[in-house]
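J.: Got a structure here, written out as structure tokens. Questions coming.
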Amino acid sequence: MKRRSIFMYYCFCFLLKYVAFSNVPNPNTTIGHFEICEVNTSSGDAEECVLENEFGKMFLFICDIDYNEMSKNIVLPSECAKKTYIDHVNPNGTSPEVNTYDIFPDLIAANESQFRDKFYFYGTPYSSKDIDFICLCFSETKPDIKHVMKMSFKKMTKKIKGCDFGDNIPTKKDLTNGKALYENSSCHIYAYPGDVIGINCYKKDINNIYNNNLELQPNNCFHNVYYEDDILLSSKNLIPNSRVIPDPSNDVKLSKMHSYMSYIILPDEINENVKISCACKRDEYIGTMFLYVNTSKNILTSPDNNVEEIAPLNDHYISIGDMWDMGLHENPEQIQGIISNHANKKYYEHMKIYKSNKMDSSDDDESNETESSENESNERTHNGNRANKDANNSEKMTGNRRKKNNSINNTNYYSNYEDDNGINISTHDKYYEDQHFGNNGPLRKKRTFWQNMFGTSSSYYEVFNYFSIAFILIIHMLLL
């Protein structure tokens, strides 16, 4: 009986804590690309603002104060958002602070308010982990009532199309293609309506000498871009309705690290194909990003073309960028002339012979029908076998290249591998999970005891629901 009483007492205290002292969630207000959440420090109840990450959004936390009371608000950590509390259910002034950018370098945030009552954040295009960043805001006249400002990020499986010239390790890289500026290099990205494209020059390690003498060219890429290699034009005019993050405004003063990265959001409709570029420069070395923006994903096909004739074409055999430079994206019929001199030439020749023999067989003389039928059958079988053999060899070669490329990417992610035909495989678009060096398995996040029991959410409202259900079940069992 005594044990049961003690157990009931602790359960009551637990419920009292979460019912009587839980924060009041505040609704968010959306205006254009802004999502705004406000807490009132003069309130007698602890309020909580939660903003879920969404790329393309700008988040604004307002720690409102009552100027009539002439009180001053206090923010913890004092350097929010450079330092924050991470994944705390109910942080307080004694909770450990962490350097936000060491844990999550992709967060773009700043505070330029003289009274420290407004905090700006950009939604990030990629997150390698589930994580919550928390700052506290309260009035000096009510220090016991601490209001919560929380930014919540969910793990994403796909990285963003783009070029990272910062020599970053996979866990700190949010773009698909990695390069190091120890030599001149180039990176080719093929983009389509609705895509998000990024470029980064910065090595995401604080005070790393790699970041000395860095330069983004143009310095406000993608707001301005190079067209035809040397003509500086506005992306708004080249790609109407596109949007660049961060935008050129006084809302957020970018840190040094975030001054060397940029993203462009392509519109859902693109009327013209266009080739643009930006570059990263480190000392005498330049890494150039070539961005091929297409009106649709099927730039090599047209309504008059047979899809079967185009389907075997593969980036490992012929570069789409080369076709673009030669103007072939506007005249797909010329592609067949290139293919005839390419690695899969025999496959097309045999298929052409097969089709012509099939059509000619219907015009043969009836007296030679049997002989012609046998010859046609033999030739069809012979050519068909050769075609199948060449097709299988083609697929096998592609598979070997992909396996070899994946192996090299896992062991040395910044190596620049070229296959037998001289095509730089590492510069082609590819999505992959963060991986250990030399290990094909994805990185695994360490989970706490409570996350193993109740999931990875850091919201104590969800934890409270679980405990409430468990408490009711226990009471029910005790009363039986």
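Glycine is no exception: its Cβ is also placed from the backbone N, Cα and C atoms.
Below are the features listed in Swiss-Prot for this protein:
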{"type": "SIGNAL", "residues": "1-22", "note": "signal peptide"}
{"type": "CARBOHYD", "residues": "Asn28", "note": "N-linked glycosylation site"}
{"type": "DISULFID", "residues": "Cys37-Cys49", "note": "disulfide bond"}
{"type": "CARBOHYD", "residues": "Asn40", "note": "N-linked glycosylation site"}
{"type": "DISULFID", "residues": "Cys63-Cys137", "note": "disulfide bond"}
{"type": "DISULFID", "residues": "Cys80-Cys135", "note": "disulfide bond"}
{"type": "CARBOHYD", "residues": "Asn92", "note": "N-linked glycosylation site"}
{"type": "CARBOHYD", "residues": "Asn111", "note": "N-linked glycosylation site"}
{"type": "DOMAIN", "residues": "159-298", "note": "domain '6-Cys 2'"}
{"type": "DISULFID", "residues": "Cys163-Cys187", "note": "disulfide bond"}
{"type": "CARBOHYD", "residues": "Asn184", "note": "N-linked glycosylation site"}
{"type": "DISULFID", "residues": "Cys201-Cys280", "note": "disulfide bond"}
{"type": "DISULFID", "residues": "Cys221-Cys278", "note": "disulfide bond"}
{"type": "CARBOHYD", "residues": "Asn294", "note": "N-linked glycosylation site"}
{"type": "REGION", "residues": "358-415", "note": "region 'Disordered'"}
{"type": "COMPBIAS", "residues": "362-376", "note": "compositional bias 'Acidic residues'"}
{"type": "CARBOHYD", "residues": "Asn368", "note": "N-linked glycosylation site"}
{"type": "CARBOHYD", "residues": "Asn375", "note": "N-linked glycosylation site"}
{"type": "COMPBIAS", "residues": "377-393", "note": "compositional bias 'Basic and acidic residues'"}
{"type": "CARBOHYD", "residues": "Asn392", "note": "N-linked glycosylation site"}
{"type": "CARBOHYD", "residues": "Asn405", "note": "N-linked glycosylation site"}
{"type": "COMPBIAS", "residues": "406-415", "note": "compositional bias 'Low complexity'"}
{"type": "CARBOHYD", "residues": "Asn409", "note": "N-linked glycosylation site"}
{"type": "CARBOHYD", "residues": "Asn424", "note": "N-linked glycosylation site"}
{"type": "LIPID", "residues": "Ser457", "note": "GPI-anchor amidated serine"}
J.: I need the nearest neighbour of Asn92 (N-linked glycosylation site) among the recorded positions Cys63, Cys135, Asn294, using C-alpha distances.
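T.: Given the candidates Cys63, Cys135, Asn294, the nearest one is Cys135.
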J.: Taking only the Cα atoms, work out how far Cys37 (disulfide bond) lies from Cys135 (disulfide bond), in Å, as a whole number.
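T.: Here the two Cα atoms are 13 Å apart.
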J.: Could you give me three numbers for the domain '6-Cys 2' (159-298), the DSSP helix, strand and coil residue counts?
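T.: Taking each residue of the domain '6-Cys 2' (159-298) in turn, the totals are 14 helix, 61 strand, 65 coil.
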J.: Restricting to the domain '6-Cys 2' (159-298), what is the model's mean pLDDT?
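T.: That stretch averages a pLDDT of 89.
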J.: Cβ atoms within 10 Å, counted per site: which of Asn92, Asn184, Asn294 has the most, among these glycosylation sites?
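T.: Selected residue: Asn294.
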J.: Listed recorded positions are Cys49, Cys135, Cys137, Asn184, Cys201, Cys221; which of them have CA atoms within 10 A of the CA of Asn294 (N-linked glycosylation site)?
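T.: Candidates kept after distance check: none.
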J.: Compile a sequence-ordered list of residues in the same chain as Cys163 (disulfide bond), six or more apart from it, whose Cβ lies below 8 A from its Cβ; state 'none' when nothing qualifies.
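T.: Expected: Leu175, Asn177, Lys179, Cys187, Ile189, Gly198, Ile199, Asn200, Gly287, Met289.
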J.: Nearest of the recorded positions to Cys280 (disulfide bond) by CA-CA distance, picking from Asn40, Cys49, Cys80, Cys137?
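T.: Nearest candidate: Cys80.
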